[in-house]
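Feature annotations, courtesy of Swiss-Prot:
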type     : residues : note
COMPBIAS : 199-289  : compositional bias 'Gly residues'
COMPBIAS : 305-317  : compositional bias 'Gly residues'
COMPBIAS : 319-336  : compositional bias 'Polar residues'
COMPBIAS : 344-362  : compositional bias 'Gly residues'
COMPBIAS : 369-385  : compositional bias 'Gly residues'
DOMAIN   : 24-101   : domain 'RRM 1'
DOMAIN   : 115-192  : domain 'RRM 2'
REGION   : 192-289  : region 'Disordered'
REGION   : 305-385  : region 'Disordered'
Amino acid sequence: MAEQNDSNGNYDDGEEITEPEQLRKLFIGGLDYRTTDDGLKAHFEKWGNIVDVVVMKDPKTKRSRGFGFITYSQSYMIDNAQNARPHKIDGRTVEPKRAVPRQEIDSPNAGATVKKLFVGGLRDDHDEECLREYFKDFGQIVSVNIVSDKDTGKKRGFAFIEFDDYDPVDKIILQKTHSIKNKTLDVKKAIAKQDMDRQGGGGGRGGPRAGGRGGQGDRGQGGGGWGGQNRQNGGGNWGGAGGGGGFGNSGGNFGGGQGGGSGGWNQQGGSGGGPWNNQGGGNGGWNGGGGGGYGGGNSNGSWGGNGGGGGGGGGFGNEYQQSYGGGPQRNSNFGNNRPAPYSQGGGGGGFNKGNQGGGQGFAGNNYNTGGGGQGGNMGGGNRRY
């Protein structure tokens, strides 16, 4: 007879657990606000023995944040659950994804959802057949492309493998070590260059150490969502500069800070130049200088600025993303020493009209300042996810 072993109502039937937790944990996004721990467990226990389950809640309101985690006793149970997609709980289709290990949270592409795999470290004797033979166990392969020099035809030592689903790629990355013909290979998620630029890495929507779409905060709060970490007086793309940031930071309009440094898409002034036709010393591109675009405002950020969380405030809701600087994990603040993916906080919702602003933006006073609170967009707080 199974015995209850923790406050979340999780059970342990004495089954020996030998695999790392990272291989047995599943992130569940897009949960209905009515879904409880018991409801989540009741659905997913059809595919295996669940040893831990939690629906993440706002610590103040106790309202569901729209996502949770389940941990199975064996990794193959994750495969069973993923093979049974789509999953519908309380009338809502949810989005399960293998949880990203805590130590990889800082990696900008760790939580990216992609179907293509980069395989490096290949020798000349590694051909398409051996790659297919090895990786077919993870999922259905669509194509294998071993890259060769256009002029000489010589193999360049790497290849791209595309699957019909994102889950095989996530599973391969979690396994860490892969060897073919006694050669250890370097496997990574294949991210298009333009997507890497958006997620951090020296360009749009982020910069060095930006962590992708908000280096230090959760799409907002502290450092600038959709922008860089401490990108003050520097010139950030899509947010960051001068402490402000887009999508729900205290100040900043979809890019651009309150002052000091300039960035793209509606800078308020300051030194340096940014993209989209910004000019140093004051005016930013796309209706800069004073009022902010997409809703104007001198210091209040459109799309849910001034501390309020755009797109649903502190509640995570259905608009979660995992590809920004880490992906799904929980923090120890929620009990049981579990790492957490998105920080708490909240307050205020985006897309709310306000009386502040009146700049030259696309809509004057519309879409300004999403209510009070210190939480950032999509979950406030001051932790990296």
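Note that Cβ sites are derived from N, Cα and C of the backbone, with glycine treated the same way.
Not measured: the values here are computed from a predicted model.
Under DSSP, the residues of the domain 'RRM 2' (115-192) split into helix, strand and coil as follows: 17 helix, 32 strand, 29 coil. Across the range of the domain 'RRM 1' (24-101), the DSSP-based residue counts are 19 helix, 32 strand, 27 coil.
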